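Student: Would you mind keeping the following structure in view while I ask a few things?
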Amino acid sequence: MAPQKHGGGGGGGSGPSAGSGGGGFGGSAAAVAAAASGGKSGGGGCGGGGSYSASSSSAAAAAAAAGAAVLPVKKPKMEHVQADHELFLQAFEKPTQIYRFLRTRNLIAPIFLHRTLTYMSHRNSRTSIKRKTFKVDDMLSKVEKMKGEQESHSLSAHLQLTFTGFFHKNDKPSQNSENEQNSVTLEVLLVKVCHKKRKDVSCPIRQVPTGKKQVPLNPDLNQTKPGNFPSLAVSSNEFEPSNSHMVKSYSLLFRVTRPGRREFNGMINGETNENIDVSEELPARRKRNREDGEKTFVAQMTVFDKNRRLQLLDGEYEVAMQEMEECPISKKRATWETILDGKRLPPFETFSQGPTLQFTLRWTGETNDKSTAPVAKPLATRNSESLHQENKPGSVKPAQTIAVKETLTTELQTRKEKDNSNESRQKLRIFYQFLYNNNTRQQTEARDDLHCPWCTLNCRKLYSLLKHLKLCHSRFIFNYVYHPKGARIDVSINECYDGSYAGNPQDIHRQPGFAFSRNGPVKRTPITHILVCRPKRTKASMSEFLESEDGEVEQQRTYSSGHNRLYFHSDTCLPLRPQEMEVDSEDEKDPEWLREKTITQIEEFSDVNEGEKEVMKLWNLHVMKHGFIADNQMNHACMLFVENYGQKIIKKNLCRNFMLHLVSMHDFNLISIMSIDKAVTKLREMQQKLEKGESATPSNEEIAEEQNGTANGFSETNSKEKALETDGVSGVPKQSKKQKL
């Protein structure tokens, strides 16, 4: 659609008397005015000097209506561009935020290792030579040895501090240079924050002085030799882990004291006895003396945090110092602020305005030994030489208080010169072109690196970069376009991306505190893959990243398979956990631990006799085993119970207790009288078979056992049985039935 220009609409009247003017908005307005006054005007062109015609007023009204309809549609072009640009930014903003978050999470707990991928095989620098002598039993000893070396490595070394100087750039130079102070007093304290006890309101703090040094003030680093700098060593005994149960963290407190500029008579420069006014107020004099006299600056750095992690590695540090003023504020609630002319400075401006202390930190095995602590690596740079800088020492500075000082060794400088002189290896220039609605919206600056823009992964090869973008960032569509100096990658939004959940389905049904947690390897659902054919791997080619001719986007259909399949229990509808897959939970409804738990709970009852407890045990185990859950199943449950446990009931003389159990179930309308009759008849038949199978006359021991069982409380049911003489429906005397047993 071609852009429309304002005022480009214009005249064309009707017939040969049409005006020749070009008016656009002016013509429409004139037509409306003419129609309102007399109705003798043409439809257009009169705004630019057109002639009148004999058309009717209806034509003028139609032209006016058409002009009024066109006016609201036309908008300035800038508004369209800005609105379209906002939509473009919103479309790319959400996927970018998602991939940035995933990048940070994968750095902490990676799901997979990039070096194990086929298209990233060049990142795997390990060899398989040691696999011949590998033993599983040696893994534990290696890990323990490695941990022991790390702890002893970080604690058996001396902390050596070499102070370069104290820089105070805002300080005004003294007029009397002979009395100018060239050094300041530096006191280093080791602050130990101990664990808080119950009676303590806050964590107790211990300050251990480690020494004082005279540090040069504003030295010229070009004229000072490195060996002349003062140094201080902190013994490793101060960081012993034996007190780890008491000390929570260790930190260094730097306290710089700068004396005032005074003459030999003890007076401040420019101040004599004649200048002292006796009538001057004492507070004002003290304030002036404090401003021109001694000043104290402090700064604190953490050595070991509460997790025993070393925070200060080898390197050069520059610490921003804060002036400590006399104030009645409690030290527990005091906070430090850098003030300049009543305004708070940003963090990095304090290094150009406020006082700073520069020093070099090293961990050494002995006082004069070489460094043994791990060297701080420089920040990752986005250029092709980042690989050469991985093993070079650098400096790491904590945020807000320590500035980064970039140091390059002579070896690195010579290597850079060599690389610049040798242009045999051509660098690939990669730039990205972002498309929205099939139009180019933004194009990045050409870079000579192969880092992923979203997760900053160094792919090292163009094919690996494109493969990584396609597989790991599938919310976008990447098309490779050849460029003489490198490559152009067109990036567009994947409108067909399936954003449904494709992770572990167990996490959806877990408790909120345990869902999506990855503290270590977990058991997954066992699966079996059947490999019918494994074709030969295709050779890597850049043609697979070219834009398809038919315009169709290659989409991968997502489906739940393998470890992501989820099964449910049929009785409880709860998800089946992976560790339960090996046990057939549908058949085993009464595990051993549940049976023992049921028996133990029944044994704890105190308001029932032993006979009732035995019947309750047998009945509960019977119901658990067969899974009876409905009322209409109770009739069948009673008959099955008699078949399975009838002989045990007869041998233990539990017939009367079982009859009481049946009557109680009838009271709750769980079973019918017919079921009671069938159960009692079945039990009587089993009793007769047992009597025939055994001796006709029972022994004296069996008679005594039966009498004892009746005396132990089995006869307690007689009072209840007499109350149930007859049934309300059938009128059958229940007492006579029980007496037959």
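The backbone N, Cα and C atoms fix where each Cβ goes, and this holds for glycine too.
A quick note: this is a predicted structure, and the numbers were derived from the prediction, not measured.
Pasting the relevant annotations from Swiss-Prot:
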type     : residues : note
REGION   : 1-21     : region 'Disordered'
CROSSLNK : Lys77    : SUMO2 cross-link
REGION   : 148-365  : region 'Interaction with AEBP2 and PHF19'
CROSSLNK : Lys225   : SUMO2 cross-link
CROSSLNK : Lys392   : SUMO2 cross-link
ZN_FING  : 450-473  : zinc finger
REGION   : 689-741  : region 'Disordered'
COMPBIAS : 707-717  : compositional bias 'Polar residues'
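Each of the listed features needs to be described in terms of its position in the shown structure.
Tutor: The average pLDDT for the zinc finger (450-473) in the predicted structure is 90.
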Student: For the zinc finger (450-473), could you work out the same-chain residues 6 or more beyond its ends whose Cβ comes under 8 Å from its Cβ atoms?
Tutor: 95-96, 99-100, 102-103, 106, 114, 119-120, 122-123, 380, 382, 386-387, 428, 430, 432, 444, 480, 487, 489, 540, 542, 545
Student: Run through the Cβ atoms and count how many others sit within 10 Å of the one on Lys77 (SUMO2 cross-link).
Tutor: 12
Student: In the zinc finger (450-473), how many residues does DSSP call helix, how many strand, and how many coil?
Tutor: 11 helix, 2 strand, 11 coil
